[in-house]
Amino acid sequence: MQIFVKTLTGKTITLEVEPSDTIENVKAKIQDKEGIPPDQQRLIFAGKQLEDGRTLSDYNIQKESTLHLVLRLRGGAKKRKKKSYTTPKKNKHKRKKVKLAVLKYYKVDENGKISRLRRECPSDECGAGVFMGSHFDRHYCGKCCLTYCFNKPEDK
């Protein structure tokens, strides 16, 4: 019987085969006509790839059926190397926890009276508990940017 093999280029080859012929035999005949090695050939019929060990009758291939020839692609994508960094990774900044840190903002005199060492920001935006930074010539609030300047550096 006669079957047709359509290649990727659109060329159609006619082959004389028997229903009892194996797929390997068909690939060998294609190699004789086209010169494509059988290990690079993939034959497809009715959307299925034909396996080498089976016969044409197993796939119900009858006379004047058309097989599609596709070339086998070997391998896959190139394996990527793992990145190696030359400089070590920076450690994340950890805030130091100081026990009883609030005590540095207050002073207790010999009578037991508590007085503030830092000035508290009077702005409504900041609220209670926000202290102003003490500089040599001014008090400065880091939250709302309120600044009180001294006339003379001695007037702290």
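Note: Cβ is positioned from N, Cα and C throughout, glycine not excepted.
Mapped onto three states, the DSSP output places Lys6 (ubiquitin cross-link) in strand. The number of other CB atoms found within 10 A of the CB of Lys6 (ubiquitin cross-link), across every protein chain shown, is 15. The ubiquitin cross-link annotation in Swiss-Prot covers Lys6 (among others) and is backed by similarity to another entry.
The ubiquitin cross-link annotation in Swiss-Prot covers Lys11 (among others) and rests on similarity to another entry. DSSP gives Lys11 (ubiquitin cross-link) a coil state; it is part of no helix or strand. Counting every protein chain shown, the Cβ of Lys11 (ubiquitin cross-link) has 10 other Cβ atoms within 10 Å.
The ubiquitin cross-link annotation in Swiss-Prot covers Lys27 (among others). Classification of Lys27 (ubiquitin cross-link) by DSSP places it within a helix. With a cut-off of 8 Å between CB atoms and residues at least 6 apart in sequence, the same chain places Pro38, Gln41, Leu43, Asp52 near Lys27 (ubiquitin cross-link), listed in sequence order.
Residue density at Lys29 (ubiquitin cross-link): 18 other Cβ atoms are found within 10 A of its Cβ, drawing on all protein chains shown. Annotated ubiquitin cross-link per Swiss-Prot: Lys29 (among others), in sequence order, evidence recorded as similarity to another entry.
Here Swiss-Prot flags Lys33 (among others) as ubiquitin cross-link. DSSP assigns Lys33 (ubiquitin cross-link) to a helix in the three-state reduction.
Cβ neighbour count for Lys48 (ubiquitin cross-link): 9 (other Cβ atoms within 10 Å of its Cβ, all protein chains included). Lys48 (ubiquitin cross-link) falls within a strand when secondary structure is assigned with DSSP. According to Swiss-Prot, the ubiquitin cross-link annotation covers Lys48 (among others).
Sequence-distant contacts of Arg54 (site 'Interacts with activating enzyme'), defined by Cβ-Cβ distance under 8 angstroms and a gap of at least six in the same chain, are Thr22, Ile23. Residues annotated as site 'Interacts with activating enzyme' in Swiss-Prot: Arg54 (among others).
Of all Cβ atoms in the protein chains displayed, 9 besides its own lie within 10 Å of the Cβ of Lys63 (ubiquitin cross-link). Positions annotated as ubiquitin cross-link by Swiss-Prot, on the basis of similarity to another entry: Lys63 (among others).
Swiss-Prot lists Ser65 with the feature phosphoserine. Look at Ser65 (phosphoserine): DSSP puts it in coil.
Contacts of His68 (site 'Essential for function') defined by a Cβ separation under 8 A and a same-chain sequence distance of 6+ are given as Val5, Lys6, Leu43, Ile44, Phe45, in order along the sequence. For His68, the entry in Swiss-Prot reads site 'Essential for function'.
The feature site 'Interacts with activating enzyme' is assigned by Swiss-Prot to Arg72 (among others). Within the same chain, the residues at least 6 positions away from Arg72 (site 'Interacts with activating enzyme') whose Cβ sits under 8 Å from its Cβ are Asp39, Gln40, Gln41, Arg42, listed in sequence order. Arg72 (site 'Interacts with activating enzyme') falls outside any helix or strand according to DSSP and counts as coil.
The ADP-ribosylglycine annotation in Swiss-Prot covers Gly76 and is backed by similarity to another entry. Contacts of Gly76 (ADP-ribosylglycine) defined by a Cβ separation under 8 A and a same-chain sequence distance of 6+ are given as none.
The annotation ubiquitin cross-link is assigned in Swiss-Prot to Lys107 (among others) on the grounds of similarity to another entry. When other Cβ atoms within 10 Å of the Cβ of Lys107 (ubiquitin cross-link) are tallied across all protein chains shown, the result is 11.
Taken residue by residue with DSSP, Lys113 (ubiquitin cross-link) is part of neither helix nor strand, so it is coil. There are 8 other CB atoms within 10 A of the CB of Lys113 (ubiquitin cross-link), with all protein chains counted. According to Swiss-Prot, the feature ubiquitin cross-link maps to Lys113 (among others), an assignment based on similarity to another entry.
As annotated by Swiss-Prot, zinc finger applies to 121-144. Here the zinc finger (121-144) is broken down by DSSP into helix, strand and coil counts: 0 helix, 6 strand, 18 coil.
The two recorded residues, Lys107 (ubiquitin cross-link) and Lys48 (ubiquitin cross-link), show a Cα separation of 89 Å.
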